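Summarising the annotation, TrEMBL assigns domain 'UvrD-like helicase ATP-binding' to 3-290. Under the heading ATP binding site, TrEMBL lists A24, G25, A26, G27, S28, G29, K30, T31. If you look up TrEMBL, you'll see 291-574 marked as domain 'UvrD-like helicase C-terminal'. The region 'Disordered' annotation in TrEMBL covers 668-690.
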Amino acid sequence: MSNGLNPEQQEAVQTLKGPMLVLAGAGSGKTRVVTFRIANLIRHGIRPDRILAVTFTNKAAKEMRERIGLMLGPRRRLRRGEQKPPTPVIGTFHSNCVQILRRHAPKLGYPTKFAIYDRGDQESTAREVLRQLRVSAGILKPGDFLSHVSRWKNAGVRPEQAGELARSDAEHMAASGYRRYQQAIKLAGAMDFDDLLLLTEQLFIDYPEARQEEAGRYDHVLVDEYQDTNQTQYAIIQSLAAGHRNLCVVGDDDQSIYGWRGAEVQHILNFRNDWQDAKVVRLEANYRSTTAILTLANRLIAFNKTRHDKVLKPARAGGAAPRVLQFKNDVEEARGVTEEIQRILESHKREARDFAILFRTNEQPRVFETELRKAQVPYSLVGSQSFFDRKEVRDLLSYMKMIDNPKDEVALLRIINYPQRGIGAKTVENLLADAVANGHSMWETMHNRDFVSRFPEPAKRGVERLQSIVARFKARHAEPGATLADALRDLVYNLDYMGAIERSYPTPEEVQTRQASVEEVINAVAEFEGEAKEPTLSGFLDNVALAGKEFGSPKEKEQQRNAVSLMTYHSAKGLEFPIVYMVGMEEGILPHRRSLAENYDDVEEERRLCYVGVTRAQDELTLCLPLQRMKWGKPRDTFASRFLYEMTGQADNPNRNRSIQGARKEIVNSQRAAARKKAKGAKPAPKRGD
């Protein structure tokens with residue numbers, strides 16, 4: 001050991017020449033190795049400004065600069081006129097590409113002082129392009145158009161190539177607009193965020209002398225999180241390192257979870273093919289998790305066929321055995337996890353920030369938000385929009401608010417023409433003006449037949465259609481035996497809301513996500529009806545409003561910092577927590593249903609996602625399986641995730657089996673008996689499977 005580094009870390013730091021792949025497993029001290037390596041290069045005489053280190057986030061770049069500064073010692077005060085000493089070039093792909101393009105932009109027809117468009121600038125340009133093409137927002141929204149363009153740019157696809165790759169009608173329309181969009185921003189002397197990468201790659205291809213000049217600036221190139229590189233980033237790195245061949249890439253193919261946004265795990269898997277004399281160093285010592293947690297992680301990831309062979313080895317002993325907890329349904333799952341966290345917090349043995357609840361899909365956290373709020377457990381929904389703030393959720397709540405209180409004009413204005421029914425801005429303006437002039441609500445004005453008869457025919461039909469939909473909701477809800485969930489389900493059908501979502505969003509993934517949120521609203525109503533003494537529409541809306549109240553403590557900001565983290569697996573990458581709950585361990589959730597319908601590579605990425613979740617846990621890990629999940633307000637049986645079987649050595653068990661009895665023999669709650677003794681006299685936990 002030297003400077004606190006283990007032998008493998010030391011090898012990565014001391015290997016100074018040639019290509020090298022550092023396979024850095026979860027919790028293996030990756031950042032420390034990268035910073036020690038840069039400092040060691042400088043100590044061996046490499047000029048600091050001849051070293052390029054590329055990261056994926058500004059936060060990572062800042063942390064790296066700070067660590068290297070501390071390792072190299074404090075800087076002395078500069079004398080007047082004295083230049084600052086050179087420092088390593090550390091930044092994100094995008095920040096480094098900006099500097100390259102500032103030097104060479106005129107070659108590509110851009111000014112040296114080109115502007116960088118933000119999202120608002122991009123959307124304004126996209127709207128104008130779509131207007132010129134006579135494509136309405138109902139067919140292709142500016143935001144969706146930009147998503148297609150971004151995906152092409154990240155794959156290195158130029159405007160003239162996009163048409164050949166288009167599959168759907170929306171993609172063909174986007175491809176035809178891509179060229180116009182690019183011409184428009186170029187005419188404005190601007191680039192968007194994705195251009196910074198694409199145009200750098202284009203520069204290196206079209207102007208070899210520029211590529212040689214930029215590659216000649218550095219003697220060493222280091223790349224962090226190499227498994228996350230897309231095709232354009234990969235090509236840029238190959239160009240910069242081809243001359244000196246001193247390329248060190250650090251990453252973990254087992255944590256490659258961004259294939260959906262263009263990252264290609266093959267870049268790290270094929271590194272030895274690209275650089276045949278490359279040294280490979282494996283950092284397998286894990287300083288984060290217990291032996292039992294790592295046993296599960298290693299078993300799980302071994303089922304992936306396309307990976308570098310490596311095994312995480314614990315550097316710490318002890319710790320509780322991981323648990324599998326079985327719950328009656330997803331509501332009981334949320335309630336059980338919340339009560340357990342609440343009980344631990346009340347014992348003052350842990351702080352709220354020590355807990356993380358990890359989920360796979362955006363509809364999952366809704367029940368957890370509800371239960372955590374009820375229990376007044378501070379939480380933070382990290383890297384995701386609150387369920388109650390999502391557009392489709394707010395739309396349905398607005399319909400319910402307007403039906404419950406016709407004078408709620410904020411709610412009415414939100415949904416008056418969504419889904420589109422021919423009520424345009426001019427009609428809305430006339431309705432508002434007449435309502436104000438006569439002291440009526442907009443809804444009352446819409447029932448003034450003489451006034452509405454003056455509207456254009458599409459607007460007149462739209463008003464009548466909305467009135468009919470509201471009347472049908474009320475009639476359905478009034479039927480003997482009908483529930484509020486039944487009426488809401490019919491409302492969604494009568495609105496053709498699911499069809500509107502399909503027409504509004506370009507990708508199957510986004511459509512499924514938004515439709516799942518609609519389904520979750522219906523589930524929320526059904527759950528409310530099952531629990532409330534007098535389940536009324538007003539009562540449900542009150543329940544939602546109260547659940548949305550923030551903590552009123554003067555220490556609100558401190559509570560937000562010291563809070564249970566409720567986050568997706570993607571958001572959790574790079575983080576660690578003493579206690580982790582992985583919820584919804586079922587087929588169709590993890591692995592996600594999309595991966596099951598597509599190909600083996602997608603299932604492997606889902607397995608990597610599960611592996612990332614397991615390796616976030618430092619001390620305690622709990623895997624949760626609800627035996628039923630609400631679907632469209634109805635309970636449906638679940639199937640235990642295949643990953644549960646794989647982690648527990650029961651992979652030969654068919655995942656069609658609805659129980660996990662075999663799996664739970666291996667993963668046991670070793671502390672359950674002790675917990676029961678300690679909990680005597682305390683509020684009991686909800687009943688769970690043994």
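A Cβ is built for glycine as well, from the same backbone N, Cα and C atoms used for every other residue.
Quick caveat, the model's predicted, so the values are computed rather than measured.
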Winner by Cβ contact number (other Cβ atoms within 10 Å) across the binding-site residues A24, A26: A24
For K30 (ATP binding site), the three-state class that DSSP assigns: helix
G25 (ATP binding site): secondary structure state under DSSP, collapsed to three categories: coil
T31 (ATP binding site) CB neighbourhood, other CB atoms within 10 A: 17
Most crowded position, judged by CB atoms within 10 A, among G25, G27, G29 as binding-site residues: G25
Environment of A24, G25, A26, G27, S28, G29, K30, T31, the listed ATP site - residues of the same chain whose CB lies within 8 A of the CB centroid: V33, D252, L283, N286, Y287
Model confidence over the domain 'UvrD-like helicase C-terminal' (291-574), averaged pLDDT: 87
Cβ atoms near S28 (ATP binding site) (within 10 Å, other residues, all chains): 26
